[in-house]
């Protein structure tokens, strides 16, 4: 009953907000087309997940829109050299690993299994190519003007573009959205050559499987790429400055996750910094030192992956020319409507504070253009799910147990292991757990953390629950199909407010 009431209230608010802003939006659209000028209503600089989604949404709202992209292919880092190609390699390498290690358990016996790396890379590249072409098709369908080139501000309403064809043009717009994304964070004294010392971009295009791979940084990207090459035969060692891998993860789940990766022969050297990297020999020699100081040690590798995070990419935009304010980390400062301090200039995605995730950037893009069009938009950064696409995957939304303790809230915890889930046992892939945190007095869900083969898919039931303020009992009393992995979410919810059935 509580959930239905909440949904009705949100629907009432939504429709009343839409009607309140209808006249404003009509005035904006009228201004956009009345003059007959070549000016755009919206100009988006950057064609990544945030930028291309913002451009399409703006066009769908009736705004004349142009998107400027320097790469020459749409989709940004995510589609071209990030999320998509990495998931292609994660899937392909997992298939190889399964064929080599678990097929026989299911009665499928193979005389031999070998890696055809060029074919694997070809499949990855084909997927990327098809998806980038698909976005261009969506631009044409929605009548988004697409300019290929590097944009920089001339004024708050003008962008000069050095086109990839060698010319230049000026794109004018009433509203300009900066969606230029992020770049690899460099480390002092380490030069990335994308051959022996690589970023995530180079790690997606290695020409052979390295015998020894050292990953600097135990975050999402480092662990995913380490998993790819570890499955294909590399000896993987992860060096992390901090005391933990993936520091944003719930502590209890993190420990289980690290044990799982260690069982896959991934080695971890924590609380350690890389002092220097020597590439003068055939391989790469790293000099390590405890983060707190102490005796130095050495570590040798064939390839080193630098995966120490990402930084906002605003180089060449000439933000200082128009006076756009940034913080010490280089992030563009915006208000709740994604507006910068310069009227008519907005920013979204990785260039502003908040999680550096493609799906967060997409939500930013939609909300931003809704504001520009006189409507209402909203993104709750506390409810943006995070997923590590290893095997098992780890997905989370809401608060960790450590965060709940810091808030001083009385809470309950419910957990359910996949070892007790019938579907997981049936497919012989039962490593993992669902953990739910709920406020003790109200039973309102505060956070959900899942480690499972398909945690990235299972987490969205939890995202929806948190979005609408659900209780653990709401999930527990919702019928889940049997046999499915999602029943573990139901059982964890039962364990939170009462008792589970199957353990």
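Any Cβ shown, glycine's included, is placed from N, Cα and C.
Where the annotation comes from TrEMBL, it is an automatic prediction and has not been curated.
Positions annotated as active site, proton acceptor by TrEMBL: 482. Taken from TrEMBL, the feature FAD binding site applies to 87, 151, 180, 181, 182, 350, 356, 357, 358, 359. What TrEMBL records for 217, 218, 219, 220, 221, 222, 223, 224, 240, 309 is NAD(+) binding site. Annotated disulfide bond per TrEMBL: 78-83, in sequence order. What TrEMBL records for 41-365 is domain 'FAD/NAD(P)-binding'. Per TrEMBL, the feature domain 'Pyridine nucleotide-disulphide oxidoreductase dimerisation' maps to 384-493.
Features per TrEMBL, on structure.
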residue: 78; record: disulfide bond; Cβ contacts under 8 Å, 6 or more apart: 48, 49, 84, 358
residue: 83; record: disulfide bond; Cβ contacts under 8 Å, 6 or more apart: 358
residue: 87; record: FAD binding site; Cβ contacts under 8 Å, 6 or more apart: 389
residue: 180; record: FAD binding site; Cβ contacts under 8 Å, 6 or more apart: 45, 46, 48, 51, 312, 313, 314, 317, 351
residue: 217; record: NAD(+) binding site; Cβ contacts under 8 Å, 6 or more apart: 238, 239, 240, 306, 307, 308, 309
residue: 219; record: NAD(+) binding site; Cβ contacts under 8 Å, 6 or more apart: 245, 246, 307, 308, 309
residue: 223; record: NAD(+) binding site; Cβ contacts under 8 Å, 6 or more apart: 215, 238, 245, 246, 261, 266, 388, 390
residue: 356; record: FAD binding site; Cβ contacts under 8 Å, 6 or more apart: 182, 310, 350
residue: 482; record: active site, proton acceptor; Cβ contacts under 8 Å, 6 or more apart: 422
217, 218, 219, 220, 221, 222, 223, 224, 240, 309 excluded, remaining Cβ within 8 Å of their centroid (NAD(+)): 215, 238, 245, 246, 307
Average model confidence [pLDDT] within the domain 'Pyridine nucleotide-disulphide oxidoreductase dimerisation' (384-493): 98
Spatial neighbours, same chain, of residue 221 (NAD(+) binding site) - Cβ under 8 Å, 6+ residues apart: 86, 200, 307
CB contacts for residue 182 (FAD binding site) [other CB atoms within 10 A, all chains]: 22
Cβ neighbour count within 10 Å of residue 240 (NAD(+) binding site): 24
Helix-strand-coil residue split for the domain 'Pyridine nucleotide-disulphide oxidoreductase dimerisation' (384-493), DSSP-based: 40 helix, 33 strand, 37 coil
